[in-house]
Amino acid sequence: MRISVIGCGYLGAVHASAMAELGHDVIGIDIDIRKIEQLALGKPPFYEPGLPEILTSAMASGRLRFSTDIADAAGAQVHFIGVGTPQKAGSHAADLSYVDAAVQSILPHLAAGDLVVGKSTVPVGTAARLAEVIERSGTGATLAWNPEFLREGFAVKDTISPDRLVYGVAAGAAGEHATVLLNEVYAAAIAAATPLIVTDFATAELVKVAANAFLATKISFINAMSEIADVSGADVTQLADAIGFDNRIGRRFLNAGVGFGGGCLPKDIRAFTARAEELGRGDSVAFLKEVDTINMRQRQRVVAMTLQALDKPVYTAKVAVLGLSFKPHSDDVRDSPALDVAVQLRGLGADVMATDPQGIENSRLRHPQLTYSTSVEETLRGADAVVLVTEWAEFKQIDPVWAATLVRVPIIIDGRNTLDAAAWRAAGWTYQGLGRP
Ligand code: UGA
C-alpha cells in the first residue's frame, strides 16, 4: 500500500521506517529540511535503538523516501499525521497548530477514497473537528484516529509489534472503509492476533490520554509512597515488589525516583486537565494536578537531598550528575527530570559536571551553562557528591570501589533507586535513595 507520513519526529520517522519495513511504499514528509536531509542519508536525527537498521534497509529496498514537499504525498492512499502537540506557551493546553497545519497542507493532495489518519496525541474532540474540515474540502477523503502507544527506546518494536491497535472511525460506510484500509496497513500485526479495538473518534482520542494519565498516576503513587517511606523508615522498593505481586496492581511503572518526564507524560496530563476543564468536568481529573505536583516535587527532593548531603556550601561544591536524558535508551531531554536537577544545582551555584551516554548534545543546546563530559571517570573526579538521575546500564555497572578512588567525598544520591545500596555502602559510600533506608 502507498502511505505518506506527515511529520518525521520520534513518532513519524519510526512509523515511516517501520511501515516500509513491513512492505509498504512510504513517503515521509517534514517541513524541517535538516531532518529530511539526514533521514534521506539513512541517519535518524535522534537516538532510537534499531531505527538506523530499519531505516537503511527500507531505503535500500526503494520502499522509503523522504521529502519536504507535501505534494509528494499525492498518490498515497493512507496519510498518517504524526506531528507534535506540545504544551502551549503560557497554558496547560495542547498546541494543535502543527496538527491543523498538517491537515491543511495535505487537503489539496487528497483523492477520493484516501484516508487521513491522525496519530498525534490530541485533546478529545479534535478528530471530529478535523473530520469536518476534510469533509468540507470536497475531496472525498475521510479521517480516522489511530493513537500511537510506542515507548521511546523501544519504538521500533512497539511499532512493528504493537500490544494493541485502536482505530477511531466515523460511523457507517466511511468507518468501514477506514477499517478496511487500516487492516491492510497493519496486516502483519492483525495476522499476529494483536488485540484490535474499533471505536469512535472520542474514545480513540481518550484511550491515549487515559493510558498516559494512568501510567503517570502509577509513578506518582509510588513516589508518594516513597515520601511516606522516608519519614517512616520503610523501604519503597520492597513495598513495590510486594504490592506488584498482586496481578491487579502489577510491578511495572512502580519504580520510585526523580519522576517522569519526556515529551509525553507531563504535557499529556496537563493537556488532559485543560481539556476536561473546557468540557466542564475539570473536577473529574483534578487528581492529575496532584499527580503532576508529586512528580515535580521529586526533582526538588533530589536537589534538597544533595544540598543536605554536602559537607560544604553548594556554591563551592563540585557535583557529578549521572544522567541527562529523561530515561535510558533515549537522547530525549524534553522535560527531563535529570537535566532539570542538573540545571537547578547549577543555578544554586554548584560546579556541575554531567554525563550521559546519549543526552549530552541535546542538553548542551538547551543548557550551555552546564559542563558536560562523555567520560564517567572525568565526571566523578574530585566530586563532592554524585547524583544518579537516569538509570543507564553504564551507571548501574559502575564499580563503587573504583568510583570511591575518584571522588573527593563518597556521597551518592541514587535518584532512581537503581544501585545496590549494600555494595556502595560496603565500598565506603554514604548512599541515599528515595524512600529506602
Ligand atoms: C510514554 C508511554 O509509556 C507510551 O506508551 C506512549 O506511547 C508515549 O509516552 C507517548 O505518549 O508517545 P515514553 O514517553 O517513551 O512513553 O516513556 P515512558 O517509558 O512511559 O517513561 C516516562 C517517564 O516515566 C520516564 O521519565 C521514566 O523514567 C519515568 N518512569 C517510568 C518512572 O519514573 N518510574 C517508572 O516506574 C517508570
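In case you wondered, yes, glycine gets a Cβ from its N, Cα and C as well.
A quick note: this is a predicted structure, and the numbers were derived from the prediction, not measured.
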Q) For the NAD(+) site that TrEMBL assigns to Asp30, Lys35, Thr121, Glu152, Lys267, Arg334, which of Thr85, Thr237, Thr371 is also named? A) Thr85
Q | substrate site partner of Phe149, Leu150, Arg151, Glu152, Phe253, Leu254, Asn255, Ala256, Gly257, Gly261, Lys327 (as recorded in TrEMBL), chosen from Lys88, Lys208, Lys289, Lys396 | A | Lys208
**Q.** Other CB atoms within 10 A, centred on Lys208 (substrate binding site)
**A.** 24
Q | Distance, Cys264 (active site, nucleophile) to Ala256 (substrate binding site) (CA atoms, angstrom) | A | 19
Q: Return the members of Phe149, Arg151, Glu152, Arg334 (the binding-site residues) with CB less than 6 angstroms from at least one atom of ligand 1, or none.
A: Phe149, Arg151, Glu152
Q) Counting only other Cβ atoms and using a 10 Å cut-off, which of the binding-site residues Arg151, Arg334 scores lowest? A) Arg151
Q | All-chain count of other Cβ atoms within 10 Å of Glu152 (NAD(+) binding site) | A | 25
(Q) Just to confirm: which same-chain residues, 6+ apart in sequence, have a Cβ under 8 Å from the Cβ of Lys267 (NAD(+) binding site)? (A) Thr85, Pro86, Gln87, Ala94, Asp335
